[in-house]
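Enquirer: Just passing along the structure, written as structure tokens.
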Amino acid sequence: MQSVVFVTGNANKLREVQDIVGNALPMLTCHQLDLPELQGTTQTVSIHKAKTAAAILKTPVLIEDTSLGFVALNGLPGPYIKWFMESVGHVGLNAMLHGFDDKSAFALCTFAYCEPGHDPILFEGRTDGLIVHPRGPAGFGWDPIFQPCGFTTTYAEMDKDLKNSISHRYKALALVKEFFQSKSDLALHS
């Protein structure tokens with residue numbers, strides 16, 4: 001099976017994907033590509049990024065887009081979480097929910113696989129949780145303020161293996177792995 005290029009410039013994201021998928025994907029290589037970010041839903045952004053990357057690189061690509069939605073704010077900041085983090089940080093994100101009793105949130109991860117000239121295939125994983133005051137190391141985005149439902153720790157406080165077995169990214173990648181396994185099975189029977 002042909003190799004797949006994972007388009008990211010985020011070393012933490014690449015490491016986490018590799019930790020989760022192991023060798024389940026066909027020869028996953030990495031390439032940083034500065035892609036224009038559309039405004040829209042995570043799905044719209046993912047489709048556009050995947051089509052653009054596949055056309056530029058002329059090879060199958062896998063891209064990922066993550067959003068963090070606050071229920072009290074109808075899903076904001078959503079796919080704009082990266083810019084909110086850069087602008088206001090953990091404290092500012094918490095302040096956005098000041099005055100709201102509802103601190104519930106959801107983390108959504110969308111992977112898009114695209115071959116040149118084809119429509120992307122989307123894979124989504126979602127984890128519900130709460131927005132809390134920052135706890136744990138601040139090394140990976142909004143992990144210190146997101147506490148998944150059923151846990152008393154934030155993503156940042158969790159052991160890496162635990163986080164990688166319950167996260168929104170894990171759930172989406174489980175679907176990606178399933179897709180590539182079925183693709184591999186079809187190739188074996190052809």
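Glycine residues also receive a Cβ, built from the backbone N, Cα and C atoms like all the rest.
As annotated in Swiss-Prot:
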BINDING   8-13, Lys49, 65-66, Lys82, 140-143, Lys163, 168-169  ITP binding site
BINDING   Glu37  Mg(2+) binding site
Enquirer: Between Thr8 (ITP binding site) and the residue listed as 'Mg(2+) binding site', what is the CA-CA distance rounded to a whole number of Å?
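Expert: Rounded to the nearest whole number, the Cα-Cα distance is 13 Å.
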Enquirer: Count the other Cβ atoms sitting within 10 Å of the Cβ of the residue listed as 'Mg(2+) binding site', across every protein chain shown.
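Expert: Other Cβ atoms within 10 Å of the residue listed as 'Mg(2+) binding site': 14.
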Enquirer: Specify the secondary structure state of Thr8 (ITP binding site) as given by DSSP, simplified to three classes.
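Expert: Where Thr8 (ITP binding site) sits, the three-state DSSP reduction gives coil.
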Enquirer: Between the residue listed as 'Mg(2+) binding site' and Lys82 (ITP binding site), what C-alpha distance do you get in Å?
Expert: 11
Enquirer: In DSSP terms, helix, strand or coil for His168 (ITP binding site)?
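Expert: Once the DSSP labels are grouped into three classes, His168 (ITP binding site) ends up as helix.
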Enquirer: Judged by the number of other CB atoms within 10 angstroms, which among Lys49, Lys82, His168 is the least packed of the binding-site residues?
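Expert: Selected from the binding-site residues Lys49, Lys82, His168 on minimum Cβ neighbours within 10 Å: Lys82.
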